[in-house]
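Written below as structure tokens is the structure these notes are about.
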């Protein structure tokens, strides 16, 4: 750390005026001085020379870089210092002490007996007005009664709390409050001792064990852990139901994929992973779940819910003894009613001998369930597991198809994979149908072009027929009239016919042009749709799958001509 003293120009001039010597100006350092300063700095860093000392007598770390240790020229330092890097006293904020806080409660030292001017009209306190009063509105305020005038609130200081002061949870806490709690507890303990002493005087045979039982049982409830939890006070972590690392994991008990199902989310395996084994350490969670008192506990819980739904105030955990007695009484009455009904029916109709029959399995020595046993009597193969079935039909093949509908997809349409047919409920022709389906689109185009040309021809012929018929009718009418009228009418009719022909031709031409454009647009839209369907969903442009405007008549006609008719079974063979 190179410590160089920087003096301002005004300081130099002031020193010059005070001393009156022109020779005491700061001299420029020579090369030798620079070398000595460098050697001293290296020695301080190595620890062979003592460190520099600031104005307060503290050592300055020699490894601090020069741009931090050197003070600016306007700071006015006379030696090495780090004071300019420390917080400045004139810039630091003045915060209130931690022992000062807002006053709580009301000022009970001054009690007013008469209403004061400017006080609350409701309660009589000077520190707030009537609209800010938190007391219950009186029927007649303290302004008129001069009775029960409330004490004034404390004057709150203007606190400027620091960052830690705002977040201090014990700021403003009065230790006297805790003393009051301790005193109250001591009074309760003394009252208990007096009660015990009176009981001993009345019954001197009472033992110390009876006294301990009478103590408050809830005193140590907070120290008890919940069942199924492990609380480590050092780590402050609660761990629930973690297996011991040395134990074998459940999914490693049987590696057969068709064995008991293991749920990785809940880490549970309900069935027995080794059902054929005579001795096994793990028999599945259902074995533990439905053994012992778990069944009776579940039945008790169900009885408690049903009783509560019918208006009985009973709870399994709060009042277990009451619930057990109620359940026992209920079961006894239920069994009595059953036996009474059974006996009454047998007395009336008879047939008690038919009830004393062994089960069907023992009578016929057979059952529909196939089971296989070893020589030692252990079960080898039991009843097959019932697989969960969907409500929809699965793997139903119809009309000679070997695959289901939807197993094949091409050009935005679903079909059968076995014959590449896009018609649902069609008959499968096997491999022969694949070649036919591929050649269909080209044949369809030629047929549609022919259909487009035919309506144009029929419209032209019909227009010519209408014009000839109109001219013949006009000639028959003009025979009865004069030649002048005939000539004028003929000219008019000819002009009208020409105009009609021109209009019809224009309409036909416009309709044909519009239809052609619509057909081209439909083909272009189909290609665009196929392209968009082939592109990844995330790369499709926004709102690319539909147009906002309504389609025109020409567009609807082009769509009807170009669309695939699924209901026509011969559409692919035309």
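Including glycine, each Cβ sits where the backbone N, Cα and C put it.
TrEMBL assigns the feature region 'Disordered' to residues 256-277, out of the candidate ranges 168-189, 234-255, 256-277. Residue counts for the region 'Disordered' (256-277) under DSSP (helix as H, G, I; strand as E, B; rest coil) come to 0 helix, 4 strand, 18 coil.
Taking the domain 'Pre-mRNA-splicing factor SLU7' (161-407) as a whole, pLDDT averages 80 in the prediction.
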